[in-house]
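*Asks:* Have a look at this one.
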Ligand SMILES: [Zn+2]
(Lines of atoms letter the chains of each structure in order from A and count residues from 1; the text may use other names and numbers.)
(Lines give C-alpha, C1' and ligand atoms only; values in the text may rest on other atoms or scores of the structure.)
Protein backbone atom coordinates (compact mmCIF):
# COMPACT_ATOMS: atom_id res chain seq x y z
CA UNK A 1 0.00 0.00 0.00
CA UNK A 2 1.54 3.35 -0.95
CA UNK A 3 2.41 5.70 1.89
CA UNK A 4 0.00 8.36 0.55
CA UNK A 5 -2.93 5.92 0.96
CA UNK A 6 -2.07 5.29 4.64
CA UNK A 7 -1.37 8.95 5.39
CA UNK A 8 -4.96 10.21 6.00
CA UNK A 9 -5.40 7.43 8.60
CA UNK A 10 -2.17 8.43 10.36
CA UNK A 11 -3.29 12.07 10.14
CA UNK A 12 -6.58 11.13 11.83
CA UNK A 13 -4.74 9.63 14.82
CA UNK A 14 -2.49 12.72 15.08
CA UNK A 15 -5.64 14.88 14.87
CA UNK A 16 -7.31 12.95 17.72
CA UNK A 17 -4.29 13.47 19.99
CA UNK A 18 -4.05 17.15 19.00
CA UNK A 19 -7.81 17.50 19.64
CA UNK A 20 -7.09 16.62 23.26
CA UNK A 21 -4.41 19.34 23.38
CA UNK A 22 -6.80 21.89 21.78
CA UNK A 23 -9.25 21.14 24.63
CA UNK A 24 -6.54 21.91 27.19
CA UNK A 25 -5.70 25.20 25.39
CA UNK A 26 -9.39 26.25 25.18
CA UNK A 27 -10.26 25.35 28.77
CA UNK A 28 -7.14 26.84 30.36
CA UNK A 29 -7.34 30.06 28.31
CA UNK A 30 -10.95 30.52 29.47
CA UNK A 31 -10.04 29.88 33.12
CA UNK A 32 -6.80 31.92 32.94
CA UNK A 33 -4.58 28.92 33.84
CA UNK A 34 -1.24 28.09 32.24
CA UNK A 35 -1.51 25.72 29.26
CA UNK A 36 1.54 23.69 30.44
CA UNK A 37 1.09 23.70 34.19
CA UNK A 38 -0.17 21.41 35.68
CA UNK A 39 0.95 18.95 32.99
CA UNK A 40 -1.85 16.46 33.78
CA UNK A 41 -5.50 17.15 32.92
CA UNK A 42 -8.02 17.37 35.74
CA UNK A 43 -11.80 17.52 36.19
CA UNK A 44 -12.91 21.19 36.18
CA UNK A 45 -15.53 20.44 38.87
CA UNK A 46 -13.68 18.44 41.55
CA UNK A 47 -9.99 18.75 40.51
CA UNK A 48 -9.62 14.94 40.18
CA UNK A 49 -6.48 14.25 38.08
CA UNK A 50 -7.33 12.05 35.09
CA UNK A 51 -5.55 8.72 34.69
CA UNK A 52 -4.34 7.72 31.21
CA UNK A 53 -7.47 5.74 30.34
CA UNK A 54 -9.73 8.66 31.28
CA UNK A 55 -7.81 10.81 28.82
CA UNK A 56 -8.17 8.82 25.56
CA UNK A 57 -9.73 11.13 22.95
CA UNK A 58 -13.44 10.33 22.26
CA UNK A 59 -13.18 6.79 23.71
CA UNK A 60 -12.91 7.95 27.35
CA UNK A 61 -15.97 10.19 26.97
CA UNK A 62 -17.96 7.18 25.71
CA UNK A 63 -16.55 4.80 28.40
CA UNK A 64 -17.31 7.29 31.19
CA UNK A 65 -20.79 7.95 29.70
CA UNK A 66 -20.00 11.67 29.65
CA UNK A 67 -19.48 11.98 33.43
CA UNK A 68 -16.45 12.48 35.72
CA UNK A 69 -15.45 9.17 37.39
CA UNK A 70 -14.86 10.90 40.72
CA UNK A 71 -17.69 13.45 41.16
CA UNK A 72 -20.12 12.18 38.46
CA UNK A 73 -20.58 15.75 37.14
CA UNK A 74 -21.31 15.97 33.41
CA UNK A 75 -18.29 16.48 31.11
CA UNK A 76 -18.94 19.35 28.69
CA UNK A 77 -20.02 18.36 25.12
CA UNK A 78 -17.20 20.62 23.97
CA UNK A 79 -14.52 18.00 24.80
CA UNK A 80 -15.67 15.19 22.45
CA UNK A 81 -16.73 17.74 19.80
CA UNK A 82 -13.27 19.39 19.71
CA UNK A 83 -11.58 15.95 19.61
CA UNK A 84 -13.87 14.88 16.75
CA UNK A 85 -13.23 18.11 14.82
CA UNK A 86 -9.46 17.76 15.40
CA UNK A 87 -9.53 14.23 13.96
CA UNK A 88 -11.94 14.96 11.08
CA UNK A 89 -10.03 18.06 9.93
CA UNK A 90 -6.65 16.28 10.13
CA UNK A 91 -8.10 13.41 8.03
CA UNK A 92 -9.56 15.84 5.46
CA UNK A 93 -6.29 17.78 5.24
CA UNK A 94 -4.42 14.45 4.92
CA UNK A 95 -6.58 13.57 1.90
CA UNK A 96 -6.09 17.02 0.36
CA UNK A 97 -2.35 17.52 0.85
CA UNK A 98 -0.86 14.07 1.52
CA UNK A 99 2.47 13.79 3.35
CA UNK A 100 3.66 17.28 2.48
CA UNK A 101 4.90 20.30 4.47
CA UNK A 102 1.69 22.06 3.33
CA UNK A 103 -0.27 19.53 5.45
CA UNK A 104 1.74 20.50 8.55
CA UNK A 105 1.17 24.22 7.94
CA UNK A 106 -2.56 23.65 7.31
CA UNK A 107 -2.70 21.64 10.58
CA UNK A 108 -1.13 24.48 12.59
CA UNK A 109 -3.63 27.04 11.28
CA UNK A 110 -6.53 24.58 11.65
CA UNK A 111 -5.54 24.01 15.28
CA UNK A 112 -5.41 27.77 15.84
CA UNK A 113 -8.84 28.17 14.18
CA UNK A 114 -10.40 25.45 16.37
CA UNK A 115 -8.93 26.88 19.60
CA UNK A 116 -9.70 30.53 18.83
CA UNK A 117 -13.17 29.65 17.48
CA UNK A 118 -14.25 27.76 20.60
CA UNK A 119 -12.82 30.46 22.90
CA UNK A 120 -14.85 33.06 20.96
CA UNK A 121 -17.97 30.88 21.26
CA UNK A 122 -17.57 30.93 25.05
CA UNK A 123 -16.26 34.47 25.54
CA UNK A 124 -16.23 37.68 23.49
CA UNK A 125 -14.36 39.50 22.08
CA UNK A 126 -12.33 36.83 20.28
CA UNK A 127 -8.63 36.56 21.25
CA UNK A 128 -6.55 38.90 19.10
CA UNK A 129 -2.96 38.29 20.24
CA UNK A 130 -2.45 34.89 18.49
CA UNK A 131 -4.02 36.33 15.31
CA UNK A 132 -1.61 39.29 15.26
CA UNK A 133 1.20 36.69 15.12
CA UNK A 134 -0.63 34.34 12.72
CA UNK A 135 -1.43 36.93 10.03
CA UNK A 136 2.22 37.74 9.11
CA UNK A 137 2.98 34.01 9.51
CA UNK A 138 0.30 33.21 6.92
CA UNK A 139 1.69 35.86 4.56
CA UNK A 140 5.09 34.12 4.70
CA UNK A 141 3.91 30.48 4.67
CA UNK A 142 1.16 30.95 2.03
CA UNK A 143 3.65 31.62 -0.80
CA UNK A 144 6.56 29.68 0.74
CA UNK A 145 4.91 26.36 1.69
CA UNK A 146 1.29 26.36 0.45
CA UNK A 147 2.41 26.99 -3.14
CA UNK A 148 0.49 30.24 -3.62
CA UNK A 149 1.75 33.02 -5.89
CA UNK A 150 2.77 35.95 -3.65
CA UNK A 151 0.21 38.16 -5.42
CA UNK A 152 -2.61 35.70 -4.64
CA UNK A 153 -1.63 35.59 -0.95
CA UNK A 154 -1.37 39.39 -0.67
CA UNK A 155 -4.62 39.95 -2.60
CA UNK A 156 -6.41 37.33 -0.47
CA UNK A 157 -5.24 39.01 2.75
CA UNK A 158 -6.27 42.44 1.41
CA UNK A 159 -9.70 41.19 0.32
CA UNK A 160 -10.34 39.45 3.66
CA UNK A 161 -9.33 42.53 5.69
CA UNK A 162 -11.30 44.78 3.32
CA UNK A 163 -14.57 42.81 3.43
CA UNK A 164 -14.59 42.40 7.22
CA UNK A 165 -13.46 46.02 7.60
CA UNK A 166 -16.51 47.16 5.58
CA UNK A 167 -18.76 44.91 7.73
CA UNK A 168 -17.27 46.54 10.83
CA UNK A 169 -17.96 50.03 9.43
CA UNK A 170 -21.55 48.99 8.65
CA UNK A 171 -22.27 47.68 12.14
CA UNK A 172 -20.18 50.30 13.99
CA UNK A 173 -23.15 52.29 15.17
CA UNK A 174 -25.04 49.27 16.47
CA UNK A 175 -24.98 48.92 20.22
CA UNK A 176 -24.86 45.13 19.97
CA UNK A 177 -21.66 45.26 17.87
CA UNK A 178 -19.25 46.56 20.52
CA UNK A 179 -17.29 43.28 20.60
CA UNK A 180 -17.17 42.89 16.83
CA UNK A 181 -14.04 43.94 15.05
CA UNK A 182 -10.29 43.51 15.09
CA UNK A 183 -10.18 39.75 15.76
CA UNK A 184 -12.61 39.01 12.91
CA UNK A 185 -10.71 41.30 10.51
CA UNK A 186 -7.35 39.67 11.38
CA UNK A 187 -8.89 36.21 10.96
CA UNK A 188 -10.27 37.02 7.48
CA UNK A 189 -6.91 38.52 6.46
CA UNK A 190 -5.09 35.42 7.71
CA UNK A 191 -7.50 33.15 5.77
CA UNK A 192 -6.91 35.13 2.59
CA UNK A 193 -3.12 35.07 3.03
CA UNK A 194 -3.14 31.29 3.54
CA UNK A 195 -5.76 30.20 0.97
CA UNK A 196 -5.11 32.92 -1.61
CA UNK A 197 -7.64 35.00 -3.50
CA UNK A 198 -9.03 31.78 -5.09
CA UNK A 199 -9.53 29.94 -1.78
CA UNK A 200 -10.77 32.81 0.38
CA UNK A 201 -14.32 32.84 -1.12
CA UNK A 202 -14.80 29.21 0.05
CA UNK A 203 -14.09 30.37 3.61
CA UNK A 204 -16.22 33.51 3.46
CA UNK A 205 -19.22 31.81 1.79
CA UNK A 206 -19.05 28.91 4.29
CA UNK A 207 -18.98 31.39 7.19
CA UNK A 208 -21.98 33.25 5.74
CA UNK A 209 -23.92 29.99 5.27
CA UNK A 210 -23.21 29.01 8.90
CA UNK A 211 -24.55 32.39 10.07
CA UNK A 212 -27.62 32.12 7.81
CA UNK A 213 -28.34 28.65 9.25
CA UNK A 214 -27.98 30.06 12.78
CA UNK A 215 -30.29 32.98 11.88
CA UNK A 216 -32.85 30.54 10.44
CA UNK A 217 -32.63 28.36 13.54
CA UNK A 218 -33.20 31.39 15.83
CA UNK A 219 -36.12 32.53 13.66
CA UNK A 220 -37.80 29.12 14.00
CA UNK A 221 -37.34 28.96 17.78
CA UNK A 222 -40.52 29.69 19.74
CA UNK A 223 -38.68 31.37 22.63
CA UNK A 224 -38.20 35.09 22.00
CA UNK A 225 -34.50 35.99 21.98
CA UNK A 226 -34.03 39.75 22.41
CA UNK A 227 -30.34 39.80 21.37
CA UNK A 228 -30.55 37.95 18.06
CA UNK A 229 -28.34 40.42 16.17
CA UNK A 230 -25.72 40.44 18.95
CA UNK A 231 -25.58 36.61 18.95
CA UNK A 232 -25.25 36.52 15.16
CA UNK A 233 -22.47 39.12 15.15
CA UNK A 234 -20.63 37.22 17.89
CA UNK A 235 -20.91 34.10 15.75
CA UNK A 236 -18.91 35.78 12.95
CA UNK A 237 -15.51 34.83 14.43
CA UNK A 238 -16.31 31.13 15.06
CA UNK A 239 -18.00 30.95 11.61
CA UNK A 240 -14.88 32.43 9.96
CA UNK A 241 -12.75 29.85 11.82
CA UNK A 242 -14.93 27.02 10.44
CA UNK A 243 -14.75 28.66 7.00
CA UNK A 244 -10.94 28.75 7.13
CA UNK A 245 -10.74 25.02 7.94
CA UNK A 246 -13.18 24.19 5.09
CA UNK A 247 -11.22 26.41 2.67
CA UNK A 248 -7.95 24.69 3.65
CA UNK A 249 -9.52 21.23 3.11
CA UNK A 250 -11.51 21.94 -0.06
CA UNK A 251 -9.38 24.72 -1.62
CA UNK A 252 -6.88 22.33 -3.28
CA UNK A 253 -9.78 20.18 -4.58
CA UNK A 254 -11.49 23.26 -6.07
CA UNK A 255 -8.17 24.26 -7.67
CA UNK A 256 -7.82 20.81 -9.29
CA UNK A 257 -11.35 21.14 -10.77
CA UNK A 258 -10.29 24.52 -12.20
CA UNK A 259 -7.30 22.81 -13.82
CA UNK A 260 -9.64 20.23 -15.38
CA UNK A 261 -12.00 22.90 -16.74
CA UNK A 262 -9.08 24.88 -18.17
CA UNK A 263 -7.96 21.71 -19.99
CA UNK A 264 -11.33 21.90 -21.81
CA UNK A 265 -12.41 18.36 -21.04
CA UNK A 266 -15.87 17.96 -22.71
CA UNK A 267 -17.55 16.76 -19.48
CA UNK A 268 -17.15 20.24 -17.94
CA UNK A 269 -18.86 22.03 -20.83
ZN1 LIG B 1 -14.99 15.59 38.85
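The backbone N, Cα and C atoms fix where each Cβ goes, glycine too.
So TrEMBL says this about it:
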- 6-25: transmembrane segment (TRANSMEM)
- 13-91: domain 'Prepilin peptidase A24 N-terminal' (DOMAIN)
- 77-97: transmembrane segment (TRANSMEM)
- 103-122: transmembrane segment (TRANSMEM)
- 131-148: transmembrane segment (TRANSMEM)
- 154-172: transmembrane segment (TRANSMEM)
- 203-220: transmembrane segment (TRANSMEM)
- 232-255: transmembrane segment (TRANSMEM)
*Asks:* Applying the under-8 angstroms CB criterion, which one of 6-25, 77-97, 103-122 scores highest with the transmembrane segment (232-255)?
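*Replies:* Ranked by Cβ pairs under 8 Å, first place goes to 103-122.
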*Asks:* Against the transmembrane segment (77-97), which of these stretches has the most C-beta pairs under 8 Å: 6-25, 103-122, 203-220?
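*Replies:* The stretch with the most close Cβ contacts to the transmembrane segment (77-97) is 6-25.
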*Asks:* Excluding the flanking five residues on each side, which residues at least 6 beyond the ends of the transmembrane segment (6-25) place their CB within less than 8 Å of a CB in that stretch?
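*Replies:* Same-chain residues near the transmembrane segment (6-25) but 6 or more away: 35, 41, 55, 57-58, 78-79, 82-91, 93-95, 98-99, 103, 107, 111, 114-115, 118.
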*Asks:* Counting by DSSP secondary structure, give me helix, strand and coil numbers for the domain 'Prepilin peptidase A24 N-terminal' (13-91).
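*Replies:* Here the numbers are 42 helix, 4 strand, 33 coil.
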